[in-house]
Amino acid sequence: MALPSNIDFAVRATDGLPTLLISEASKSYPKPDGIKFTYGTAGVRTKGDVLESTCFRLALISALRSKRMGGKVVGMMVTASHNPEPDNGLKAVDPRGEMLASNWEPYCTEAANALTDEELFAVLQRLIKADSINLQTPAVVVYAHDTRPSSPKLVKAIEAGLAAIGAEGRNGGLLTTPQLHYLVKAYNTQSTPDPYGEPTEEGYYKKLADAFQRAIADKPATSPLTVDCANGVGAISLQRFQKYLPASALQVRALRTSIDTAGALNNGCGADHVKTKQALPSGFEKEVAEGERLCSFDGDADRIVYYYLNGHASQKESFRLLDGDRIAALVADYISELVKRAGIADEIKIGCVQTAYANGGSTKYLSQRVPVVCTSTGVKHLHHAAESFDVGVYFEANGHGTVLFSDSAQSLIRGKISSSSPQGDSQSALSQLSNLIDLINQTVGDALSDMLLVEVVLRQRDWEPAHWDSLYTDLPNKLLKVIVPDRALFTTTDADRKLVTPDGLQQEIDKLVGKYLEGRSFVRPSGTEDCVRVYAEARIQQEMEELANKVAKLVTDAAKNA
Ligand code: G16
């Protein structure tokens, strides 16, 4: 269809950016007054009812990103993950399925905050110039959303943005965040010699189900796994996934699946609740038994933590958490063992990536086995650090993580699998590594894929949760949220482990920490919630509690006096 002549003029006048179409569409998406948006730890995140303009504008940026990447498919996920139900957010996904390149984040922040269309166009033009974007290149954006009531409106805003800039939009519908990441990578590798998988939701389930069945071989399920779905989209994906997996392979009992109950999402349940409260989801004490394997997804199913009871549910101490640190230990050990058995230990360098939140006990355990690096909070940081290893195991303590196999590691493993030689131990280890490559969602942390990975390792080792728990001892620890008038006053360095501002606060924290045996504490502003986070650990539980509370008090006082 030919464009009206005035629009054609606008296209030419701005070197290809259809400003008239965008201005016209943008009228329906005015920026709300008095709100400052930030592209933070995991995209933009705030109350869902103020995000339409941001979704519209980030759709424009995503289209430019696709053009910049030669027309490859990029992704947009509407979710606020672990946050409460009224929050929502947007995460942008790059063509290989990983998070948006960090040098584009400031443009997202500036575009979201532009007060007028002229300001918005100025941001877009700067980006186009800085990254030499050819606007004639076509753009394709796949988008999806979680179960939040505000999500459908935000999806409409994305569609309006894509239509205005002339990009092709593909609606993935209701998906988990990792499913959207999978789709992006699957689309972009579809016609390569090594496709990641069929670019459909069904393709995702089939890939995981097939790999899981190969990885458990003939070891049938012995006891069921109980999954807390956080009353979120994970409930749907788990239910759909089960259609592709015989019950004999894995018996799953899904709880907290009320996706239509107002206010239920992440409320008293989900991975964040279990990790931060170090307790069962509310009500679980009546529904679960001692020794049972339990796990929790978060609201968009990109995180998972495991746990079990080693006594009666009424005793608080019987709750035992198997968090992201423990998943990293379980998986790194298993992969190291397979690599040794496969006879490729000299060729494959395995490493682990953690953040400052990793328990000192886990860092000590892992460092004795593999190189360990620490990055700032946010999977985008861990992911990039993990890419420097042949096999990079990265997990945040909160359960967000995955394992990356470099292209050369994948080729080496698969190239050594022989179809003719008998299945000796090294061949079976190579086959199992190959199964894990397929089972693990290598684009981002994925609760479903990580759950299957943990189940494979436990099953292959014949381990109950208590055995896994016995690998090392955690130092008592606590994570507190401190609400302050302006969290931007708190800035950090050294992978979040030291405060730069407010002036002098880090020195006061250091003085305090020095008084406690194996004490450690750090403070950082959250990138997803309006709070400052305080982490503390120490050898003795009571001392750790005291340290955490005293550091929190220092934070409150510093914020007041600023
Ligand atoms: C997001 C990020 C995680 C991060 C978490 C908390 O998780 O993807 O990497 O650990 O936020 O971040 P912060 O402490 O800055 O609030 P999710 O699951 O909410 O997307």
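Each residue, glycine too, has its Cβ placed from N, Cα and C.
Residues or ranges marked as active site, phosphoserine intermediate in TrEMBL: Ser81. Sequence-distant neighbours of Ser81 (active site, phosphoserine intermediate) (same chain, 6+ residues apart, CB-CB distance under 8 A): Ala42, Arg45, Gly89, Asp146, Thr177, Asp298, Gly299, Asp300, Asp302, Arg303, Thr528.
TrEMBL lists Ser81, Asp298, Asp300, Asp302 with the feature Mg(2+) binding site.
Annotated substrate binding site per TrEMBL: Glu396, Ala397, Asn398, Arg524, Pro525, Ser526, Gly527, Thr528, Arg533, in sequence order. Around the Cβ of Glu396 (substrate binding site), the number of neighbouring Cβ atoms within 10 Å comes to 26.
Beyond the ends of the domain 'Alpha-D-phosphohexomutase alpha/beta/alpha' (74-103), by six or more residues, the same chain brings 42-49, 51, 54-55, 58-59, 61-62, 65-66, 140-146, 148-151, 154-155, 158, 175, 177, 180-185, 188, 196, 233, 262-267, 270-272, 298-300, 302-303, 379-380, 383, 398, 442-444, 528-529 to within a C-beta distance below 8 angstroms of the stretch. Per TrEMBL, domain 'Alpha-D-phosphohexomutase alpha/beta/alpha' is recorded for 74-103 (among others).
Positions annotated as domain 'Alpha-D-phosphohexomutase alpha/beta/alpha' by TrEMBL: 136-189 (among others). DSSP assignment over the domain 'Alpha-D-phosphohexomutase alpha/beta/alpha' (136-189) gives 28 helix, 13 strand, 13 coil.
Averaged across the domain 'Phosphoacetylglucosamine mutase AMG1' (201-305), pLDDT for the predicted model comes to 96. Look at TrEMBL and you will find 201-305 (among others) tagged as domain 'Phosphoacetylglucosamine mutase AMG1'.
If you look up TrEMBL, you'll see 323-463 (among others) marked as domain 'Phosphoacetylglucosamine mutase AMG1'.
Positions annotated as domain 'Alpha-D-phosphohexomutase C-terminal' by TrEMBL: 479-553.
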Among recorded positions Ser81, Asp300, Asn398, Pro525, close to ligand 1 by Cβ (under 6 Å) are Ser81, Asn398
For Mg(2+), residues beyond Ser81, Asp298, Asp300, Asp302 with C-beta within 8 angstroms of the site's Cβ centre include exactly Thr79, His82, Asp146, Thr176, Thr177, Gly232, Ala271, Phe297, Gly299, Ala301, Arg303, His400, Ala447
Summed over the domain 'Alpha-D-phosphohexomutase alpha/beta/alpha' (74-103), the DSSP helix, strand and coil counts are 2 helix, 13 strand, 15 coil
Checking the binding-site residues Pro525, Gly527 for other Cβ atoms within 10 Å of each Cβ, the smallest tally belongs to Gly527
DSSP tally for the domain 'Phosphoacetylglucosamine mutase AMG1' (323-463), helix/strand/coil in that order, comes to 74 helix, 20 strand, 47 coil
